[in-house]
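Annotation source TrEMBL lists signal peptide at 1-18. Marked as domain 'Copper amine oxidase N2-terminal' by TrEMBL: 39-122. Taken from TrEMBL, the feature domain 'Copper amine oxidase N3-terminal' applies to 140-239. Per TrEMBL, the feature domain 'Copper amine oxidase catalytic' maps to 292-528, 572-660. The active site, proton acceptor feature in TrEMBL is assigned to D364. Annotated 2',4',5'-topaquinone per TrEMBL: Y452, in sequence order. Here TrEMBL flags Y452 as active site, schiff-base intermediate with substrate.
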Amino acid sequence: MWQPGLPWALALLLTAAASGPSAEPAEPASIFADLSPAELRAVRAFLMERPELGLSPSRGGPLAKNSLFLVELLPPPKRSALRFLEHGGPRPRREARAVIFFGAQAEPNVTELAVGPLPRPGSYRALPLAGGRAVPFWARPMTRLEYELLHRALVAALAPLEPLLREATGFGFQNCSERCLTFSDVAPRGLGPGERRTWLVIQRFVEGFFLHPAGLEVLLDHGDPDPRRWAVLRLWYNGRYFGGVRELAESHARGALPLARLPEPPARQLFSSYEPRGRFPSGTPTEVHGAKVCEPQGRRYRLRGNRLEYGGWSLAFRLRSSAGLQLFDVRFGGERVAYELSVQEAIAFYGGHSPAAMQTKYMDAGWAMGASSYELARGVDCPETAAFLDAHHLLDADGPVRFPRALCVFELPTGVPLRRHFDSDFQGGFHFYAGLEGRALVLRTTSTVYNYDYIWDFLLYPNGVLESKVHATGYIHATFYTPEGRRYGSRVHSHLLGNIHTHLVHYKVDLDVAGSGNSFETMDIRFENISNPWSAGARPCVPCGWHGWGSRAGVGQEPRSPRLSPPLTCGRYHLAVTRRHESEPSSSSIYSQNNPWDPPVTFESFIRDNETIEDQDLVAWVTVGFLHVPHAEDIPNTATPGNAVGFFLRPFNFFSEDPSVASRAPVIVRPLDPPACSRLQIQRWTPASPGPCVHPEPFTYNGTYRPV
């Protein structure tokens, strides 16, 4: 929030010019669409021209400046959206959420603004945060400028250690050419409010540098807006703490320091690379293409802008720069089952012996995991047949940046029938066979938050089931191996400790089942000892439950991971159900990472207000996760099998029968001459042959993300 006392009021709308007519398409789902490059540029230009904001470009200049950090869609209020979608009301005002760092003032802080109407913004207003408090400047997310200054300060501060580093690693910071050292930073950045002190893990800059720690960790205080006042506070080298750079350098000069000498990295087949090495003992071929997904008669889904339709399903989607995938207006058979389904936060808590390991508690919304949506590779990240979509983000940049192929949509054969039955005659024949192939439509994106890659999926099944799933892959967050570290992980390479950690992912599920007025119920199953009605004296023990066919329509959630209790409030609950409030749009924020002690969003407050949840507009908050004990097979990367979690939304007496009976893809086989079964009647509603199944285009990849 900018400094109070300036000669204008926060609540006042500052109108610059009358807005022109909207150029939005007529598609209703577009009210949830991400901002276009033109809209992003318009918002930035409007704010940059406001003299009272005093904004400077994001690139260059000092840290103590006013700058625009983030621009993304501000979704319309639910009431306005439903009035438009269901009752033909006016199209909701289209607005942007803008995050501004006000650093050029006596009391620096961070303020969020609503800017609109789009596409031609003419006014802004302050967006209230929890408790009406401003976000302190020290809680702001990191920027590229701060990283550049951090690197510069680190190189200067560690200059006395150059002989040590060269001798131990063969790499350095000074005039290093191709044999340079780099660093990874961990968070939170301190031990209490007001601190911005970061432990930096020094690493050799080779392919997969996350797996090449040099044995040195540095605590650098960068809380002052003036980098000239930054300082190294502590160091950790090969299991020992040092009070300053000079102390460590002098210890090395005296020959009193046990050096951790690292072997020379090979020019090829480095253990952290993807280069093939070794052979499978079976000798089966791997140098030829394997099985592929194909669409022999074309796509069976429809993609129009941000609206997706498949079988009975329809929904709108967007990719938030802050937190990632968000679904809106999710319908099956034309009836809404959820107003919103979205990723809220991804958390990873680590244990370790080194200071960086024990300090690491990653909250990836604070690293803008939605804007870490880099290019998906056709045929690897998504099938060759997938439809790819670009994303545009304005995050820590002076204009929108295009991320090509950031999302993909494809139909996936599940490899197992959706349902099937073989009806035996128990005489060597059968009465009939029937089966329906298993298919699902997948909406996918990824978040590469430095070392880790998260693969985010929403899967739509033809029987009205929706699955939300995330796979974890990429490089483990590893530290330098010491014997003491074995208590907190596994030795996964000669000088490398894979630190134990817990992954937690939080979702928001705003269910609207048969309307917005819902209740939360649980099914309780128990055994009941009853008298056998057909055999006197016998007492069978049978399971019973109160929820049966014909009861209140509902959707059951089936989480697939055990309950965990980390020290972040949203992760304490496997499932929490609350009343929906516009003032509680998210369970976390981009500020929680650097201010976990007093964050602007505290999920605990959502459930401590003692509100009734009967026949109300409800939100289910779902936490899934898993414990990861790294092992040698996580080299070079964690593999996706066994590292996926998620949950299902399943209809429970919502339909009169399985809605997939509307599919024309079943196969029914009946013998015409039972029991001989020599003549068969085969019923199909699709072509007898799927046709050729080859994608003719070669593999291509660009990998860049550039301003547009």
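Glycine too: its Cβ is placed from the backbone N, Cα and C atoms.
Please treat TrEMBL annotations as automatic predictions, because they have not gone through curation.
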Listed in sequence order, residues with CB under 8 A of D364 (active site, proton acceptor) and six or more positions away: E345, A346, I347, A348, S447, V449, Y454, Q593
In the chain carrying Y452 (2',4',5'-topaquinone), residues 6 or more apart in sequence that have Cβ under 8 angstroms from it: A348, A472, T473, G474, Y475, H477, T638
Within the domain 'Copper amine oxidase N3-terminal' (140-239), residues counted as helix, strand or coil by DSSP: 31 helix, 31 strand, 38 coil
Secondary structure tally of the domain 'Copper amine oxidase catalytic' (572-660) (DSSP, helix then strand then coil): 10 helix, 27 strand, 52 coil
Local confidence of the prediction over the domain 'Copper amine oxidase catalytic' (292-528), expressed as mean pLDDT: 95
Within the domain 'Copper amine oxidase N2-terminal' (39-122), residues counted as helix, strand or coil by DSSP: 20 helix, 26 strand, 38 coil
